[in-house]
Structures are given as C-alpha cells and as structure tokens.
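What follows is a set of notes on a single structure, which appears directly below.
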C-alpha cells in the first residue's frame, strides 16, 4: 500500500484551517464573555452602594500609594449620534473643548442630551495650550502658545448654530502672552454666537486676566448670560494647587467686579474637593463667594489626570457632597450643584440656570 505523502501545500492548508478554527473559537468565547462595559463595573455588573464600600478613602501624610477609585466615580463610555456628530464637527472646524482636554467624566451626558434633553458643550477658545501650569489641570502649557486663530469666533458660532444647542459654555486657556489676555477674542465669539441665535444661553468660564478689570468689563458687557470664574480650592491650598499667578483674593475681586459691571449677569464659581482641605476651609470659601455676590456654585471631586499632577488626598463620599449642597442652599446660593462627578460646566446646573434665565427674560 502506498503511503500518502504530506506536500508543503497540504501542510499549509491544514495550518490555515487550524488557525481559522481557533479564531472562530476565540470569537465565540468573546461573544459569550464580558464586554468592555463589564470591566468598568463590579464583577456582578452592579455598582456598589457607597454606604457598603469599605475601601480606603483618604491618604495619610507620608503615604505614597494611590487610592483605589471608588465605584461612584466610574462612568459609562460616551456614545450616541449627538456625541459623534459634535465630535466630528469639532475636528472639521479645528475647535477644542475642555470636555476632552480636561477629560471630563460627563462628556457623554452633556453632548448626548442627558436626562433633561438640554444638550450642551463646552468650547475651549484660544487654542489648546495655556500659559499657566496649574497642578490639577491636564491642558498643555507653554510660555508662548501659537497665535490666535482670527477665524475662531466665526467658526465657533457656525458650529454652535448647527448643533441646535440650548446652552453653550465658552471657556479658554490663560493667555498671559496677550496684552488683553484674549478678552476681546472671547467677547467677539459671544457676539457672533448671539447674532446667529439670540435665544441660546451663553456662559463664559474665563481666566482672571491677571486682575485687569478692563478685561473683566469687556467680558461682562459682551452679551453673555453667565459669568463664571473658578476659585478652584480653599485659600490655604491655592499656592500649591493653582499657578502662582492665580490668587484667591484676586478671584474674588474678579467675580465681584463682573457683577458690578453688569448686575443682570448670573455669576458662578466652582470648588474641587479631595485635595486635603478641611470642612472649615470649604465653609469659609463658600461664604467668601457669597459675600462677593456669586449666585451659582458647583462642588466636585478632584481626580488626578496623570501621574505628573497632584495626587488625590481624599475621595469624598456622596453623603458629604449632599451636605455641601444643603449648606450652599442655606447660604443663599441661587443654585448649588454638589456631587462626585459634578464639574464647573455641569449639565444639570445648566438646565436649572436655563430655566432661571428664561424666566428673567419673560419678566423684562
């Protein structure tokens, strides 16, 4: 009997067939196994209730090990048609958003419409490079960023008008290299937006302009609805958290004078928690903001963007955030948004502020 010999061609065919079978087996196992969403949830697919969480929430002095991210800070992956549409147009028009640059955890909710269908976005003007180096912020820094894009005000207004947004937040990098800090550029963007849609509500989250009150006046009188400037942290921690050119008292002065220049404005600020502040210091900061007329306040958890930035000292519980929300209401803030994932441009706050501004317009 003749034995059938294996030719090189026969061997290759068998090897290829085996690889195909293995690939099919892997695909089947993957289809039946956990998906990516499962990896950002607990093993049972349900996020733990914070009251039952027994992980370490605070780093003691001298400890170097990073804290484990608690379950209430884990968010879903951004997706959906509105999200994809906005992201695509931003790329086409070469616009930046703080939502992406600062790695905001609420990007999917805001760009997609969320619970109240108040679709929002936060555009970052004047490029993606800042002249300051705050130790909590992931935005790129340089002493001399690229020059301003003269077409940015028009491009921004075009994009926003095509999105059909209800509420837009304009923020910016600091531009200490410019004589006016970029205030005229921001103001021109607001005017372009309002010229295309007078009904849209515009919030400007702006720098301190080195305390230059003429720059503050330029912004306050440009037609915006909400003037926002973040105090970020308590007074004692300010030199260690913010760039040395940013001062606690200077921030308070900017917020006070913005309101003086335009009493019809809503003024707004934000505090990060988890940097080592005490309750008494948070309380004092909230009182200081109320004393200069700030009407809206957000409080959220600081989250370390990279290993080069400040480490989280404490993960504040949802219960404690609820306490600060109640305290803000007691102090007389028009609105207090306080929660682990709340950011200065928080969507639920924008929905509330939109209602307030709409009522004000009706009464005029």
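For all residues, glycine too, the Cβ spot is worked out from N, Cα and C.
Taken from Swiss-Prot as is:
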type	residues	note
BINDING	99, 104, 110, 345	[4Fe-4S] cluster 1 binding site
DOMAIN	116-334	domain 'Radical SAM core'
BINDING	130, 134, 137	[4Fe-4S] cluster 2 binding site
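Spatially close to residue 134 ([4Fe-4S] cluster 2 binding site) yet at least six residues away along the chain are 232, 241, 242, 243, 246, judged by Cβ distances under 8 angstroms. Within 8 Å of the Cβ centroid of the [4Fe-4S] cluster 2 site, not counting the listed residues 130, 134, 137, the chain contributes 132, 133, 136, 138, 139, 141, 173, 174, 243.
The Cβ of residue 137 ([4Fe-4S] cluster 2 binding site) has 21 other Cβ atoms within 10 Å, all protein chains considered. Across the residues of the domain 'Radical SAM core' (116-334), the predicted structure has a mean pLDDT of 93.
Taking Cβ-Cβ distances under 8 Å and a sequence gap of 6 or more within the same chain, the neighbours of residue 130 ([4Fe-4S] cluster 2 binding site) are 137, 139, 140, 141, 142, 145, 173, 174, 175.
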